[in-house]
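Per Swiss-Prot, the features are as follows:
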| type | residues | note |
| --- | --- | --- |
| ACT_SITE | His83 | active site |
| BINDING | Gly502, Arg503, Ser504, Gly505, Ser506, Gly507, Lys508, Ser509 | ATP binding site |
| DOMAIN | 2-125 | domain 'Peptidase C39' |
| DOMAIN | 154-436 | domain 'ABC transmembrane type-1' |
| DOMAIN | 468-703 | domain 'ABC transporter' |
| TRANSMEM | 158-178 | transmembrane segment |
| TRANSMEM | 191-211 | transmembrane segment |
| TRANSMEM | 269-289 | transmembrane segment |
| TRANSMEM | 295-315 | transmembrane segment |
| TRANSMEM | 387-407 | transmembrane segment |
Amino acid sequence: MDFHHKNNYGLYALEILAQYHNISINPEEIKHKFDINGVGLDLTSWLLAAKSLELKVKAVKKTIERLNFIYLPALVWREDGHHFILTKVNKESNRYLIYDLEQRNPRVLEQAEFEDLYQGNIILITSRSSVIGKLAKFDFTWFIPAVIKYRKIFIETLIVSVFLQLFALITPLFFQVVMDKVLVHRGFSTLNIITIALAVVAIFEITLSGLRTYIFTHSTSRIDVELGAKLFRHLLALPISYFESRRVGDTVARVRELDQIRNFLTGQALTSILDLLFSFIFFAVMWYYSPKLTLVILFSLPCYATWSIFISPILRRRLDDKFARNADNQSFLVESVTAINTIKAMAVSPQMTNIWDKQLAGYVAAGFKVTVLATIGQQGIQLIQKAVMIINLWLGAHLVISGDLSIGQLIAFNMLAGQIVAPVIRLAQLWQDFQQVGISVTRLGDVLNYPTESYQGKLTLPEINGDISFRNIRFRYKPDAPIILNNINLNIKQGEIIGIVGRSGSGKSTLTKLIQRFYIPENGQVLIDGHDLALADPNWLRRQVGVVLQDNVLLNRSIIDNIALADPGMPVEKVIHAAKLAGAHDFISELREGYNTIVGEQGAGLSGGQRQRIAIARALVNNPKILIFDEATSALDYESEHVIMRNMHKICQGRTVIIIAHRLSTVKNADRIIVMEKGQIIEQGKHKELLSDPESLYHYLHQLQSD
């Protein structure tokens, strides 16, 4: 079981797996350190090399059935050296997604195919950050540290609960005395004393109950604030791939699950649990009164639990269905509001309404099923309660008639039994809330358990110069997706103006996303000033890279706030200078509120050209050393474009500029033009050089635009 093979896929596998965990790797350095004999990495050398990269690795034997429970991706190795990476197991369809190291492509294998390839040997791989992330996984255990943090408050709540239970114990005893002593002996003085005592107990009980609710709600509200803050910070720290692979409405629906958790934390469920914990005291007193009646109460508790357990899985499935339909509705609503101009322009409101009606009907039906099942569950609990009450009444009356129990004792017993049964019934009736909050925690965990962009230990430098290098880049968005960039080698010098052109889908925008470190390449390195971006702090990098897209989003704030978004305390003069460079100052000055004009949601109060010029000013205001125009002028009218192109010399001065454009006139003055086709660079040179070759793609595209 070694990696000796004439093609030696071990080193390549290590490169792929390291980059998956956002760890930079220099294959030549690894080969020099660990491939001492020059014949490839054996298993021991491979494990040592992986550990040197701060990866946690372990070679184990696993049956195919156990592969459902391991952390993926993992490296499957074979005796013949044809190792492959296992990236996903679909246990429902019995399919396996692997990365073929020989073909350098993902493959989907059926069960039989996988069984033929798999020999039971696998290397489990995780990064230290992954392990920390798993330990900090968001589920119900997340609240344990919060409880420990506020343990003083919870101890105070516990002490108050003890006193409340004691008061609850005293009241039935007073009633027993009244029934058995006061009424029989006509003891008015005793009655007055007991009445005063009951009034004092009632006042203290109400006060302590209110105090407990206040303390408990105060502490749970602080936990709620912490969770809400953590959620928003985590959401903004997620990689761009998370948002691109999910619908906006689905993400919003998951975030809104925080409301369910909040309601559960601040509701009566947890205080009911505290009340239930003290039930053993009541059981002791009740047993003293009547073991037979106590046994009836004891036997009823498993009935409550059994009924709740029976209902739970059905209720959970229906709640899952309700959530999924709600997420669909959220997504459709967000999509419809966002695309309202298109919907109205195409007069498709009736069709959209029909879709909404069907989805809404499905959601209401799912909600109705949940309500019906919850009602059945609650009525079942009520039925058990009534049955216990009838049995106790019948049996208690027999005991009173036979002289084994006094009337006062029977009344006191029933009051004590109510102190036990009431929280049990409340918990049983709140079981739906518990199921809902369980689903909410799971759904919210999809956001909070998703790994964020790594910042710890990343490279930060005071200021970049602007040299950019792509070395042997191969990239795809998902393991099972087609290759977007393949064998990209490109060097861009500091201060150079580069134009990138090509057909749609050729990989132009993807190239700039790698510069911004939105993604890590599957193979190769992206370097800025000689530093590997896989090791760079994303925030440090993005603060020094200005980006203008074709469709830029402005926030519902003033123009000055939008331009100075990265630094709200920026001097006004700096904002105005950037606006002048972008050709936006003149039209801003003509607005009634000038730079204090609120632009509306997504800049709806401005024209497309005005929004674009503000976006350009926003990109320029921090004086970035690298500036990216991704179809930035394609949506502009010719006058607006002329203003920007007239200032282009000043805009580009002292910066490395990358201009992506379909309109070739935008890039004709670039220092160098890169032509891309199907994820590869096929041509590069100046405008005239590329036009001189009649067989070139650039010449063909230029001819099309000239016509």
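Every residue, even glycine, has its Cβ placed from backbone N, Cα and C.
One way to see the shell of the ATP site is to take the Cβ centroid of Gly502, Arg503, Ser504, Gly505, Ser506, Gly507, Lys508, Ser509; the remaining same-chain residues with a Cβ within 8 Å of it are Met676. Packing around Gly507 (ATP binding site) is summarised by its Cβ count: 23 other Cβ atoms lie within 10 angstroms of its Cβ, all protein chains included.
Every protein chain considered, the tally of other Cβ atoms within 10 Å of the Cβ of Arg503 (ATP binding site) stands at 13. Note: the CA-CA distance between Lys508 (ATP binding site) and His83 (active site) rounds to 33 Å.
For the binding-site residues listed here (Ser504, Ser506, Ser509), the lowest count of other CB atoms within 10 A around the CB belongs to Ser504. The distance from the Cα of Ser506 (ATP binding site) to the Cα of His83 (active site) comes to 31 Å. Cβ contacts within 10 Å of the residue listed as 'active site', excluding its own Cβ and spanning all protein chains shown: 23. Secondary structure from DSSP puts Gly502 (ATP binding site) in a beta strand. In the domain 'Peptidase C39' (2-125), helix, strand and coil residues by DSSP number 43 helix, 34 strand, 47 coil. Summary for the binding-site residues Gly502, Gly505: the Cβ-based neighbour count within 10 Å is maximal at Gly502.
Closest in space to the residue listed as 'active site', of the binding-site residues given as Gly502, Ser504, Gly507, is Gly507, taking the CA atom of each residue. There are 23 other Cβ atoms within 10 Å of the Cβ belonging to Lys508 (ATP binding site). Mean model confidence for the domain 'Peptidase C39' (2-125) is a pLDDT of 78.
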